[in-house]
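Comments concern the structure below.
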Amino acid sequence: MNKQSWLLNLSLLKTHPAFRAVFLARFISIVSLGLLGVAVPVQIQIMTHSTWQVGLSVTLTGGAMFVGLMVGGVLADRYERKKVILLARGTCGIGFIGLCLNALLPEPSLLAIYLLGLWDGFFASLGVTALLAATPALVGRENLMQAGAITMLTVRLGSVISPMIGGLLLATGGVAWNYGLAAAGTFITLLPLLSLPALPPPPQPREHPLKSLLAGFRFLLASPLVGGIALLGGLLTMASAVRVLYPALADNWQMSAAQIGFLYAAIPLGAAIGALTSGKLAHSVRPGLLMLLSTLGAFLAIGLFGLMPMWILGVVCLALFGWLSAVSSLLQYTMLQTQTPEAMLGRINGLWTAQNVTGDAIGAALLGGLGAMMTPVASASASGFGLLIIGVLLLLVLVELRRFRQTPPQVTASDS
């Protein structure tokens, strides 16, 4: 059979027990983090009535994640990766307990929320980097595209479920329940991760960590193909920072606390559909052009989002953004793995993830600032259409990425 299915092949979960353990742990972790992601902005909005303060919390956490990714890349290449993953997860859980205790105080501390956001952002990113570095050893380099799509599906499905649960918890029990369940879920993820095999770092000459990072930066800047992919990823992540406007837009649409969860769930739902129907993406002849066009469509969806007269139509726009961004992100991931030398894969993956975090932090800060000067509707639309203009310029400038062609892999009877 030579016809490739549109649907994602989930066979890796059956054939690779270690990857199955990571799948389970990641799903539980994403559900836990989703509860946190709903609670923090809503709590800050209630305490301060300021979109700028909400944006600041996201920016601070994003900055801590950037530093953590840089440090984590070095640790993952020097120390046993399973230990790094377990240490990072356990430390994050401690931070979530701190948020829960703070929320139970008669007057919760805004400073404590910011500081614990820095703590959790830093240590969470250590685990992310170690998992990225360990994935080829867990599934094999030939299965990276499939593993990436399954991972995205895991993340997105968890992100669909958790905001809805988080919204219901906010409406019934308050933010302390969100933080407490997030902490419990994070510690539960340690159980499947304990079953992972030892994941030693690859043998390589010892060099100063900064020198190693600089080599990765130089490669990224010198390669118009890989550098263009990283730039698109950062801009796409900037667009997703529109979530800092959700609480204010919810007031504009007169949404209930439970309905706010649908805003947070829309993008992950669209992305889950994109990952589930990604079976043919690896066989695209012109992945660079498809990546550029899907990114432009995602920016347009964000521009239209804030203009919708009803919140349900806004949810549809967010879901469309999620689907298009999933297509672009999967193509980014696959092309980075195939176009980056093996010796550079760890650093480039870390830098790619770090610039995505940076894009999110910058986007959150810009949207928070716009929200202080403009209406939430105008802020959302300005960000989407502004990124669309930049995207059109990149479509013209990134010639090598736009014209890149690949030979689709052959599909044999054993693959079907």
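The chain as shown is numbered from 1 upward.
Heads up, the Cβ atoms here are built off N, Cα and C, so glycines get one too.
Note that the structure is predicted; figures quoted are calculated from it, not measured.
Swiss-Prot lists 1-21 (among others) with the feature topological domain 'Cytoplasmic', giving sequence analysis as the kind of evidence.
What Swiss-Prot lists as topological domain 'Periplasmic' is 43-55 (among others), and the listing cites sequence analysis. For the topological domain 'Periplasmic' (43-55), the DSSP-based tally of helix, strand and coil residues reads 11 helix, 0 strand, 2 coil.
Among the features that Swiss-Prot reports, topological domain 'Cytoplasmic' is placed at 77-83 (among others). According to DSSP, the topological domain 'Cytoplasmic' (77-83) comprises 5 helix, 0 strand, 2 coil.
Using a Cβ-Cβ cut-off under 8 Å and counting only residues 6 or more beyond its ends in the same chain, the topological domain 'Periplasmic' (105-109) has close neighbours at 43, 47. If you look up Swiss-Prot, you'll see 105-109 (among others) marked as topological domain 'Periplasmic'.
Look at Swiss-Prot and you will find 131-156 (among others) tagged as topological domain 'Cytoplasmic', backed by sequence analysis. In the predicted model, the topological domain 'Cytoplasmic' (131-156) shows an average pLDDT of 79.
For 200-218 (among others), the entry in Swiss-Prot reads topological domain 'Cytoplasmic'. Sequence-distant contacts of the topological domain 'Cytoplasmic' (200-218), counting only residues of its own chain at least 6 positions beyond either end whose CB sits under 8 Å from a CB of the stretch, comprise 70, 73-74, 76-81, 133, 343-344, 347-348, 350-351.
Among the features that Swiss-Prot reports, topological domain 'Periplasmic' is placed at 240-256 (among others), with the record citing sequence analysis. Cβ atoms under 8 Å from those of the topological domain 'Periplasmic' (240-256) belong to residues 41-42, 45, 51, 54-55, 58, 171, 263-264, 267, 302, 305-306, 310-311, 314, 321, 325, 359-364, 366-368, 371, 375-377, 379-380, 383-384 of the same chain, restricted to positions at least 6 beyond its ends.
Residue counts for the topological domain 'Cytoplasmic' (278-287) under DSSP, helix first, then strand, then coil, are 4 helix, 0 strand, 6 coil. Annotated topological domain 'Cytoplasmic' per Swiss-Prot: 278-287 (among others), in sequence order, evidence recorded as sequence analysis.
Annotation comment: Swiss-Prot describes 308-313 (among others) as topological domain 'Periplasmic'.
Summarising the annotation, Swiss-Prot assigns topological domain 'Cytoplasmic' to 337-356 (among others). Cβ atoms under 8 Å from those of the topological domain 'Cytoplasmic' (337-356) belong to residues 65-66, 69-70, 72-73, 76-77, 125, 128-129, 132-133, 136, 141, 144-145, 148, 204, 212-213, 215-217, 219-220, 223, 225-226, 229-230, 233-234, 236-237, 406 of the same chain, restricted to positions at least 6 beyond its ends.
Here Swiss-Prot flags 400-416 (among others) as topological domain 'Cytoplasmic'.
Counting same-chain residues at least six beyond the ends of the transmembrane segment (22-42), those with a Cβ under 8 angstroms from any Cβ of the stretch are 13, 54, 57-58, 89, 96, 99, 103, 113, 117, 120, 124, 131, 138, 150-151, 154-155, 157-159, 161-163, 165-167, 169-170, 175, 178-179, 181-186, 188-193, 196, 243-244, 246-247, 257, 260-261, 264. For 22-42 (among others), the entry in Swiss-Prot reads transmembrane segment, with the evidence type sequence analysis.
Non-local neighbours of the transmembrane segment (56-76) in the same chain are 40-41, 44, 84, 88, 113-114, 117-130, 132-134, 201, 209, 212-213, 241, 244, 346-347, 350-351, 353-354, 357-358, 360-362, 364-365, 368; each lies 6+ residues outside the stretch with a CB under 8 Å from one of its CB atoms. As annotated by Swiss-Prot, transmembrane segment applies to 56-76 (among others).
Positions annotated as transmembrane segment by Swiss-Prot: 84-104 (among others).
Annotation comment: Swiss-Prot describes 110-130 (among others) as transmembrane segment. Beyond the transmembrane segment (110-130), the same-chain residues lying 6 or more positions past its ends with a Cβ under 8 Å from any Cβ of the stretch are 33, 36, 40, 43-44, 47-48, 53, 56-57, 60-69, 71-73, 75-76, 81, 84-85, 87-89, 91-92, 95-96, 98-99, 102, 199, 349-350, 353, 357.
Among residues of the same chain six or more beyond the transmembrane segment (157-177), those with a C-beta under 8 A of the stretch's C-beta atoms are 26-35, 37-39, 42-43, 100, 103-104, 256-265, 267-269, 271-272. Annotation comment: Swiss-Prot describes 157-177 (among others) as transmembrane segment, evidence class sequence analysis.
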Contact count check, CB pairs under 8 angstroms to the transmembrane segment (219-239), set 179-199, 257-277, 357-377; argmax is 357-377
Of the listed stretches 84-104, 257-277, 357-377, 379-399, the one with the highest count of C-beta pairs below 8 angstroms to the transmembrane segment (314-336) is 257-277
Sequence-distant contacts of the transmembrane segment (357-377), meaning Cβ under 8 Å and at least 6 residues beyond its ends, amount to 50-56, 58-59, 61-63, 65-66, 69, 125, 233-242, 244-245, 248-249, 252, 306-307, 383
Requested in this report: Determine whether the transmembrane segment (179-199) and the transmembrane segment (84-104) share at least three Cβ pairs under 8 Å, counting only pairs 6 or more apart in sequence.
Outcome: yes
